[in-house]
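Novice: Here it is, the structure in full.
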Amino acid sequence: MLAGEETSIDIVQRWLQRRGSDDIETGSSSGSPGARAGRRSSLALTPEDEPLVDVANRSPPPAPIPSAIFYAPPEPLELLCVFPERASRVCAAACNAVARAGGEARSVRSAREALEAFRRDLETRIPHVVIVDARQPQIMDSTLLARAIRGLKNTQHTILIAVVKKSAYLKDDFAVLPYLEAGFNRVMVETLGSTAWCAEVLQARSAAASARAQVAAVTALAAAADRCRDLVAVTDDQQRVLLTNKSWCRVVGWRPDEGPRSFAETIGGEGLRLATSGARDWDAPVLLRRRASPDPVLLACKGAAVSLTRSISHIVFVCEPSNISEVERGRGSLHSIRRGSLDVRSVASDGLRRTSLAKLQGLPLEAPITKVISLLSTATEGAPPCTVACIERAVDMLRTSELYSPQMREDPKMRAEDPIATDLIGALLSGTSNVLSSRRSSNDSTVVRSQTNRSNLKHKTSGQLREILDTALCWDFEIFHLEDLTRGRPLTHLGLTLMGGRFDVCAALECDERTLLHWLTIIETNYHAVNTYHNSTHAADVLQAVACFIEKDRLKNLLEPLEAAAALISAAAHDIDHPGTSSAFLCNARHSLAILYNDVAVLESHHAALTFKLTLNDDRVNIFKNLDRDTFKSVRHNVIDMILATEMTKHFEHLAKFVNVFYAKSTGSKEDGMHTDEPLSLDTTALTSQENVILVKRMMIKCADVSNASRPQKFAFEWARRIAEEYFLQTDEEKAKELPVVMPMFDRASCSIPRSQIGFIDYIIIDMMEAWSAFIDMPELVTHARNNHQRWRELDEAGVTTIADVKRAQRQALPPSTSQPTAEE
């Protein structure tokens, strides 16, 4: 024997010893009795043996992946034989082999029985190996059965073996292809030897376990990537993005279900160049193009190319969620926001304060606004002086806590010539810190009055009433005609039509229609009929507007039945017990409600609280009585949130958040001369977030609440007359009680109704309705608002000012004369 051969045998011997194999004598041949005995002892299987799959002895995975992650839980081998012949010797041999291997085997005689057994096993144990008799196609179509099995869930790792005749197997070099295409993994010639079947089943089981372990490992790694803060993307060899985590989708604006796309559409910069050049590893910045913004974001990126062969199969991008300097400072730390400013940590004058700051730095807390400020501060590095000055000015604005609080622009010309801007709009949008706040919509006033004794309304509809209720989902719905037909009780009739009929609120709340009728009756009873504007007709009008919005495809597909029910409930009750005076009036008068709610959202808080107080106090009207605790809590939260959203002091906050989330940002601003009037681009990808759905519901009820100016002209004019009269009554009461006058312009002796409506549409309605109408695809909202604005301007130019003139204008097609109103008017 040559020395070189002895050396190679020594190497093999040492390798076998490391693997725990039996000692093999150097001079023994492969066919010696000792060698055969050794092989038999290592393969001998009994029912008491452990499962046959030895994870540790599989082929090693690629080096970057730890082998420990390729884990398959031990399971006894499960075999299913499908043989039409009752006493098939081939089937018996296979079953005996599995029994020797410590597994369990069973047999069925038809494809139907096989599928039924498989469906049962989906709930318990799935067969690891299925052997199908393919020798008699006239009795059972084996390929059809294979396709049916592959169509079931959780069968991708089941090994299908087709048993064929030797003659059929040998007559064609490609005889196995039809079986492989049908879903079989292996094809075996019929045999009666248990040894051959044992080897076949063990090989199949090992291959399946290995594949399943690899898939499980990949799934675990994908789950880890999906939950990390870094932005992760994986591409294929065609430079298409196949996998992105949640952080990547959130920053770029992708949805996980959008499918593969070229990463060149989103990624740019040095990182892209290195990735396409074939580099194995790199550390370079990349530019990410975001869907919601025209400006790309520059992020540090670490990339790697993955290849199991010589060619690259995947490219991995891992981008840091913030700039490098921010990461070095530590997440959640208190650090300097502007370049060159003093770091908070440096002002600690004693050990105690340094210790407190050190604890703060270790907390996993970081507000989104601090991230924005840090990114802006980083952008100043190396930027031109003019850009640095603009960014520092923006950072100063962001440091304030009132980011969404509107402020009137310092425009002397506007202040001198436009009392609407200084009086009406300023009063509407003032917070309760200034008690001279008011609102144009129905959200901001209420004192407690005793309930009037009214009997429950029986829901009987005449022919005329049925005819008008059939148009309940039309935007030109005759709300005032309904008010006349129901003698001032439109909410109950309209509520039963919409809530009890069209939207089936009773089914969503699991209550009966009589309970809904009682609830609508007591809600309407607690509206004050003496109010000219904030009465049950206004509540019915808002309910009808919300119903029109929900009927649109966007909201119909977005809102769940319970969410739609909560929206309709909120609309019906959003101004319950409204006295016709504003929250500011109650605060100035030191009313008990203002004391109770600390001068904050006084009326809205009262509307929400009274709604639930009346509902829960009596089982006959409790529409929530059949809901479980968690469902009731969710509905209650929705109703309260939407009622509170009608507070006009939060108007710009809700509008700004809605636009920022669902519309692409335009570049430039009015101040720097770069603002454009191009329409905003709607982006609905944010609807996947529940927080953003809440913004939609708030915007929906806000738009319904002040939709008067977006109604057809005859309705808009009547609502304007009614709200003006209510504001006049408040001003009269303020003067009589010597209280501060919230809206001085609403003095019946000097007020111009057209001017008040022009200002309201300019400052409140147009922007909000443009955003909302584009979102739900309802352009008539903007069309009516612009037409009404033009008509009010014509009346203003014609000298119309008083309510009497407005009433006359409602009856005339031409602009009314400015003559004095008649005694009747």
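Any Cβ shown, glycine's included, is placed from N, Cα and C.
Curation does not apply to TrEMBL; its annotations are automatic.
From TrEMBL, here are the annotated features:
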- 27-45: compositional bias 'Low complexity' (COMPBIAS)
- 435-455: compositional bias 'Polar residues' (COMPBIAS)
- 457-799: domain 'PDEase' (DOMAIN)
- H534, N535, S536, T537, H538, D575, D705, Q757: AMP binding site (BINDING)
- H534: active site, proton donor (ACT_SITE)
- H538, H574, D575, D705: Zn(2+) 1 binding site (BINDING)
- D575: Zn(2+) 2 binding site (BINDING)
Novice: I need the most crowded of these binding-site residues: D575, D705. Count other C-beta atoms within 10 angstroms of each C-beta and give me the top one.
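Specialist: When each Cβ's neighbours within 10 Å are tallied, D575 leads.
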Novice: Taking every residue in the domain 'PDEase' (457-799), what is their average pLDDT?
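Specialist: Residues in the domain 'PDEase' (457-799) carry a mean pLDDT of 88 in this prediction.
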Novice: Output the one of H538, H574 that, of all these binding-site residues, has the highest number of other Cβ atoms within 10 Å of its Cβ.
Specialist: H574
Novice: Are there binding-site residues among T537, D705, Q757 that sit within 10 Å of H574 (Zn(2+) 1 binding site), Cα to Cα? If so, list them; otherwise say none.
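Specialist: Taking T537, D705, Q757 one by one, the ones whose Cα falls within 10 Å of H574 (Zn(2+) 1 binding site) are D705.
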Novice: Could you tally the C-beta atoms, other than its own, that fall within 10 angstroms of the C-beta of T537 (AMP binding site)?
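Specialist: Excluding its own Cβ, the number within 10 Å is 26.
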Novice: What is the total of other Cβ atoms whose distance to the Cβ of N535 (AMP binding site) is within 10 Å?
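Specialist: I get 24 for this one.
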